[in-house]
Amino acid sequence: LNILVDTGSSNFAVAGVPDPDVTSYFNTELSSTYKSEGIDVTVKYSQGSWTGVLGTDVITIPKGIYGSYTINIATILESDNFFLPGVKWHGILGLAYDALAKPSSSVETFFDSLVRQAKIPNIFSLQMCGAGLPVSGSGTNGGSLVLGGVEPSLYTGDIWYTPIKEEWYYQVEILKLEVGGQNLELDCREYNADKAIVDSGTTLLRLPQKVFTAVVQAIARTSLIQEFSSGFWTGSQLACWDKTERPWSLFPKLSIYLRAENSSRSFRISILPQLYIQPILGIGDSLQCYRFGISSSTNALVIGATVMEGFYVIFDRAQRRVGFAVSPCAEVDGSPVSEIEGPFTTADVASNCVSSVSFHEPVLWIASYALMSLCGIILLVLIILLLIPPRCQHRYTDNDVVNDESSLVRHRWK
């Protein structure tokens, strides 16, 4: 089975029944080692969802990590907009922290199981290749997932690390954005509203609405195209050029500044237009059409595949940091399409660009159940008081007035 590697979720799941958009599936009845836990699980993503049953089975790693290991696996029985026409994968490998695991954080993740049983270092790294290649192209674009370490042949130059701000998603701190070398001049908290994460399971670079609007305006202002359809920026239209042209020269590079391990320093990762102006299909023999690889988001800045294809990304869980290095496969026509530079001073940004208040879903559930229980008790008391006949009357004075300040719990979609 081909598995989608997703650093933005935490469940390992594969198709467990036939599906029109899936070429293969895992028939648990034919496995002598599979054991069902009988626990239903549902996982929702920014696009699509699935429902299945939790179980365990024994896996082996083809290269490098020898032995057999028992891991949690969900078999997908129903899905909605998850398996799509033409996809070449049959399941998903969630590599984020157990805080995101469904139905609860007590479900040990695939990678945690591997670290515990195989005694490998608590670190993995990911090289995603495909820069400049058609999105809808046939075959695979290659790449590597290294479990338990860093592979020197998969990067060039230095690795720059940024701290993981919180261990659920791989949440990082973004200090500023530049388009064509020009700072957007936004409050740095705008870039981290309500979180900034590194997520291989998200295709595009997703930006909070205010940041997205500023980026589009800056690209339109900096590019060599005078008039451009608004549908291109919103993702509803493609832009087409003659196949002999290279439209990338018309657009500026985009830079993201991340806080370094030394909090008074930062570094920037830059992607050239070859990564965010993405070829998607050809029309006849003469036209090539492209999409805009950046979109707006309501709840996060997401460094997705659009950016990650330019870098070798190290998820160093042991030292609570994410590393970036230039990937040698991030080249188009023999020229690099990504850059890393630093260090830079952080004197011009706030000491903390991430809100210190953060509610995880498990906490929200606990708070919700607690409030529901409290409301139930109060309601029961009120019913009892209504049923008991009044025996006396009391004339209230100003000293008897109670000011009730209700507690509010604000749910944030993840």
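Using the three backbone atoms N, Cα and C, a Cβ is placed for every residue, glycine included.
Per TrEMBL, domain 'Peptidase A1' is recorded for 1-325. The active site annotation in TrEMBL covers ASP6, ASP199. As annotated by TrEMBL, disulfide bond applies to CYS129-CYS329, CYS188-CYS353, CYS240-CYS289. As annotated by TrEMBL, N-linked glycosylation site applies to ASN262. TrEMBL lists 363-388 with the feature transmembrane segment.
A distance of 31 Å separates the Cα atom of CYS129 (disulfide bond) from that of CYS353 (disulfide bond). With all protein chains in the displayed structure included, the most crowded Cβ environment within 10 Å among the disulfide-bonded residues CYS289, CYS329, CYS353 is that of CYS353. Across the disulfide-bonded residues listed here (CYS129, CYS188, CYS240), the residue whose Cβ sits among the most other Cβ atoms within 10 Å is CYS188. Across the structure, ASN262 (N-linked glycosylation site) and CYS329 (disulfide bond) are spaced 29 Å apart at their Cα atoms.
Checking each of the recorded positions ASP6, CYS188, ASP199, CYS329, CYS353 against CYS240 (disulfide bond) by C-alpha distance, the shortest gap belongs to CYS329.
When the alpha carbons of CYS329 (disulfide bond) and ASP199 (active site) are compared, the span between them is 19 angstrom. Within the model, the domain 'Peptidase A1' (1-325) carries an average pLDDT of 92. In this view, ASN262 (N-linked glycosylation site) is surrounded by 10 other Cβ atoms within 10 Å of its Cβ, with every protein chain counted.
Among the recorded positions listed here, namely ASP6, CYS289, CYS353, ASP6 has its C-alpha nearest to that of ASP199 (active site). When the Cα atoms are compared, CYS188 (disulfide bond) and CYS289 (disulfide bond) turn out to be 34 Å apart.
If you measure from the Cα atom of CYS353 (disulfide bond) to that of ASP6 (active site), you get 26 Å. The C-beta environment of ASP6 (active site), restricted to residues of the same chain at least 6 apart in sequence and closer than 8 Å, consists of ILE92, LEU93, GLY94, LEU95, ALA96, ASP199, SER200, GLY201.
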